[in-house]
Amino acid sequence: MAAMATATASLSSAKPRSPFFDHHSSTFHGLSLHSHVAAAGRSPRHQGLSVSASSKYDLEAFRFEPIKESIVSREMTRRYMTDMITHADTDVVIVGAGSAGLSCAYELSKDPGVRVAIVEQSVSPGGGAWLGGQLFSAMVVRKPAHRFLDELGVEYDDAGAEASYVVIRHAALFTSTILSKVLARPNVKLFNAVAAEDLIVREGRVAGVVTNWALVSLNHDTQSCMDPNVMEARVVVSSCGHDGPFGATGVKRLRSIGLVDNIPGMKALDMNAAEDAIVRLTREVVPGMIVTGMEVAEIEGSARMGPTFGAMMISGQKAAHLALKALGRPNALDGSLGSLHPEMMLASAESSDVADA
Ligand SMILES: Cc1cc2nc3c(=O)[nH]c(=O)nc-3n(C[C@H](O)[C@H](O)[C@H](O)COP(=O)(O)OP(=O)(O)OC[C@H]3O[C@@H](n4cnc5c(N)ncnc54)[C@H](O)[C@@H]3O)c2cc1C
């Protein structure tokens, strides 16, 4: 995000917090800048960089700070390996970073005492929520799920108090906003391009997931003996979406190992019935494993809803509070966060309420 230099201006310096980069001189648009690198997450206006009014946008003179290639490798490797070690045994693993999984992660992340790993097989998190129906752009959200959008700060068109729904101009606005908030939380780690290939099950209880690089998972038929890795978790949230190549994988595995008898599959479209049912039926389907989002319709045989997304958000929130309850943490479902109806108040629950309760 390049800030164009006009009059004396504050500029963003997105350099990492590192002894190599603190308190140094730099160049921006060919100008000498004296940077005191701000804490991550601060806005540019807090970052003490200034440019004179006569600045020229001169990319011929633009130079990045030098770096040794091996430093790039070490920074990535050390962080990723540290994350893998941290989450080898974690509180909650969410499988699937679609709208339901991300809503769940967002809600869980409010409790700083809970560690969350998201496993997403795609390189690009977001699932089916980058577009509305028929690959159109707008995302329809039925009230009162718009309160979740208010909390996230996602703008929408609202025809007024009498209207039953709101419309986000582009579905990607919702998905990019919630992604950016989830990724900024220190207690959440997204492992994308990683698939959950299987579940860890001990004495009838789901106790984690079996993971592998998604590209490896897709090639088990072409190579042999590409053993996976594991993540133990006190709670697994399965938000793998409706059936498809990488859909409903959590509940399909439950059936193949005999922990559930039947997966009826989602029924024909009925928006009104479907969304309420998804929220109502979001639950711990077997000990240790909560199912949320469209995967609920697969295991419960409830109606599909088509391109309306409020149920994914509220189902994800409910899954988060079910997980908090299972972890013995303050949650909205057993009243420890207050007396408001969960579907109404989850979105507006303050993080301090969770932390303080
Ligand atoms: C063809 C198509 C049909 C649709 N039909 C409907 C419909 O009938 N009703 C409806 O409401 N919406 C439908 N949608 C819209 C939209 O996909 C969903 O409503 C919404 O995205 C579901 O949210 P979700 O979070 O439950 O699942 P998704 O958005 O599908 O997210 C699931 C995520 O889990 C990941 N995942 C799955 N398995 C694994 C695994 N083993 N390991 C790691 N990651 C995994 C997937 O990559 C994906 O990112 C459809 C979309 C498409 C493209």
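Every residue, even glycine, has its Cβ placed from backbone N, Cα and C.
Listed in TrEMBL:
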BINDING   A100, E120, Q121, G128, A196, D227, H242, M294, R304, M305, G306  substrate binding site
MOD_RES   C225  2,3-didehydroalanine (Cys)
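Mapped onto this structure are the features recorded in TrEMBL.
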{"residue": "A100", "record": "substrate binding site", "DSSP class": "helix"}
{"residue": "Q121", "record": "substrate binding site", "DSSP class": "coil"}
{"residue": "A196", "record": "substrate binding site", "DSSP class": "strand"}
{"residue": "C225", "record": "2,3-didehydroalanine (Cys)", "DSSP class": "coil"}
{"residue": "H242", "record": "substrate binding site", "DSSP class": "coil"}
{"residue": "R304", "record": "substrate binding site", "DSSP class": "coil"}
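Among the recorded positions A100, C225, R304, G306, the ones whose Cβ sits under 6 Å from an atom of ligand 1 are, in sequence order, A100, R304, G306. A100 (substrate binding site) sits 33 Å from C225 (2,3-didehydroalanine (Cys)), taking the CA atoms of both as reference points. A separation of roughly 29 Å, to the nearest angstrom, links the Cα atoms of the residue listed as '2,3-didehydroalanine (Cys)' and H242 (substrate binding site). The local packing around R304 (substrate binding site), expressed as other Cβ atoms within 10 Å of its Cβ over all shown chains, amounts to 17.
Summary for the recorded positions A100, Q121, C225, H242, G306: the Cβ-based neighbour count within 10 Å is maximal at A100.
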